[in-house]
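Here is what TrEMBL records for this protein:
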- 12-249: domain 'Peptidase M24' (DOMAIN)
- HIS77, HIS183: substrate binding site (BINDING)
- ASP95, ASP106, GLU242: divalent metal cation 1 binding site (BINDING)
- ASP106, HIS176, GLU211, GLU242: divalent metal cation 2 binding site (BINDING)
Amino acid sequence: MVQIKTPEQIAKMREAGLVVAAIHAATREAAVPGTSTRDLDQVARKVIAEAGATSNFLGYGGFPATICTSVNEVVVHGIPDDETVLKDGDVISIDCGAIVDGWHGDAAYTAFVGTGHAPELIELSRVTEESMWAGIAAMRNGNRLVDVSRAIETYIRRQPRPATGKYGIIEDYGGHGIGTEMHMDPHLLNYVSRKRGKGPKLVPGFCLAIEPMVSLGTARTEVLEDQWTVITTDGSWSSHWEHSVALTEDGPLVLTAPDGGRAKLAQLGVTAAPDPLA
Ligand code: MG
Ligand code: MG
């Protein structure tokens, strides 16, 4: 069953989404050489507390922090600690969320620490982010869930191959419905699977967290002994981008983007829905 939201409920989710956007802005500024991933978690905690929101990551299945910090070959679910100190040349993906009045937001981004990154790493992040936007642009009334998966996969497959061979679209994790819980039905694949059918129809009130994860090598992952940290099996570096998106009568509203996705969607020929809080 897919939870369909009213416009009032989407406005609440927008509030949560803006807290997530604020965590992104603050952690982005703090992700410099010499900062530990624990420091970044403290930055996130402060933003959440000051907003009067709560964390949906802290305590989730026993997760011990408010953000996931995934450095280099770590794909997702890295745990902040004192030992992981960012250094020049690192690539970090930060994933976090917030709850406002029971409604959830969830979003992630990839950032470059310091300078001197190889062009294929910069391109990897660009391709991953753009594939997310292609998926968001497919959040159209009358489309099916598979149309979002297809838009993400097609975007990635149409890019020039990296020097490492090809992009690995991570298959073990994907997007999800979001609302009164962080993870709800339906699961959203980042590729088209013939086994899965077309999925539900996208209608106003349908909310999805769209989150492609792409590596410079394999699509396969394994979980480390800490039971959380997900790495690529070949050690290739990866990128992760995510936004929470609501479909409305007037099109998609990117709940976790400061401008609701307006500028980026306009480039793709899509008009973002009006911001209910504006
Ligand atoms: Mg997330
Ligand atoms: Mg998510």
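Cβ atoms here come from the backbone N, Cα and C positions, even for glycine.
The subset of binding-site residues (HIS77, HIS183, GLU242) lying with their Cα within 10 Å of the Cα of GLU211 (divalent metal cation 2 binding site) consists of GLU242, given in sequence order. On the 0 to 100 pLDDT scale, the domain 'Peptidase M24' (12-249) averages 97 in this prediction.
With a cut-off of under 6 Å between the Cβ and any atom of ligand 2, the binding-site residues HIS77, ASP95, HIS183 reduce to an empty set.
The Cβ of HIS77 (substrate binding site) lies under 8 Å from the Cβ of PHE63, CYS68, SER70, ASP95, VAL223, TRP228, THR229, VAL230, each on the same chain and at least six residues away in sequence. Candidate binding-site residues: HIS77, HIS176, GLU242. Those with a Cβ under 6 Å from ligand 1, in sequence order, are GLU242. The secondary structure of HIS77 (substrate binding site), as reduced to three states from DSSP, is coil rather than helix or strand. Its Cβ placed at the centre, GLU242 (divalent metal cation 1 binding site) has 25 other Cβ atoms within 10 Å. The number of other CB atoms found within 10 A of the CB of ASP95 (divalent metal cation 1 binding site), across every protein chain shown, is 23.
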